[in-house]
Amino acid sequence: MASFMWCCLFKVLILVSYFLICIESKSQLMSLNEDNWDLMLNGEWMVEFYAPWCPACKALQSSWEEFSGWSKDLNIKVGQVDVTASPGLSGRFMVTALPTIFHVLNGEFRQYRGARDKESFISFIEEDKWKSVDAIPGWKSPASFQMSVVSYFFKMSQLLRAVHTRLMEDYGLPTWGSYLIFAVATIIVGALLGLLFSQVAVCTIDLFFPPKSMSPPSVKQKHKEKEIELEESDDDVVVEDDIVDENTADSSPVRKRKARKAD
């Protein structure tokens with residue numbers, strides 16, 4: 001009887017240990033989103049981008065969870081990103097197909113294109129196969145400024161899509177009516193942004209290239225202007241005197257000739 005109890009207790013302990021190991025292995029899979037995605041910039045990571053509706057993602061899920069159980073042995077971290085919940089990250093990483101897997105090492109990104117099973121994932125890390133994969137260039141790096149801008153555009157597109165769906169389903173607007181509202185809103189927003197940017201440009205130009213100040217003329221400048229005016233008036237008087245002298249000189253011989261003819 002005692003041996004039977006000990007045997008049952010031993011089996012219970014084995015089951016509990018197995019259950020705890022399973023829980024621990026699953027807990028190694030980290031969920032990443034737009035708030036904590038920058039965690040992958042430190043250390044070595046394998047990150048999968050998936051969607052709940054994706055059949056290939058569902059087929060990969062079990063292998064990915066098993067692979068995450070090896071994360072401590074491989075000294076890496078394994079994460080997942082749901083693109084439906086974090087559309088900005090799908091734009092930041094330019095994800096065009098699902099599932100997409102990235103290897104990240106201290107902010108250097110590489111796309112994994114190998115087989116999708118646990119053994120292939122493990123060998124990719126253990127044998128340093130990632131070294132033979134070209135890293136994503138800096139201008140396309142998810143951590144770059146321009147890709148941050150792209151991520152905001154993706155967020156905005158998802159927001160506009162949600163508004164479009166709500167206008168059609170909740171308010172019963174036709175498709176053309178929703179498009180008309182977006183067109184008018186685009187024109188108004190564009191006009192406001194253009195006005196704002198023009199004002200900013202004018203202020204920036206005035207800041208770096210200020211206009212010349214129109215200061216009132218000084219006393220010396222006024223005195224010089226008066227002297228110039230006086231000199232010009234004197235020149236005019238001299239010219240007029242010369243003209244008068246020439247006229248008188250030309251008229252005197254004529255008078256003498258007329259006088260001789262009268263004799």
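Numbers run from 1 along the shown chain.
Every residue gets a Cβ built from N, Cα and C, even glycine.
All TrEMBL annotations are machine predictions without curation.
TrEMBL has this to say about the protein:
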type	residues	note
SIGNAL	1-25	signal peptide
DOMAIN	21-130	domain 'Thioredoxin'
TRANSMEM	176-209	transmembrane segment
REGION	241-263	region 'Disordered'
COMPBIAS	254-263	compositional bias 'Basic residues'
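Sequence-distant neighbours of the transmembrane segment (176-209) (same chain, 6+ residues past either end, Cβ-Cβ under 8 Å): 160, 164, 167-168. Break the domain 'Thioredoxin' (21-130) down by DSSP state and the numbers are 47 helix, 28 strand, 35 coil. Looking only at the domain 'Thioredoxin' (21-130), the predicted model's pLDDT averages out at 91.
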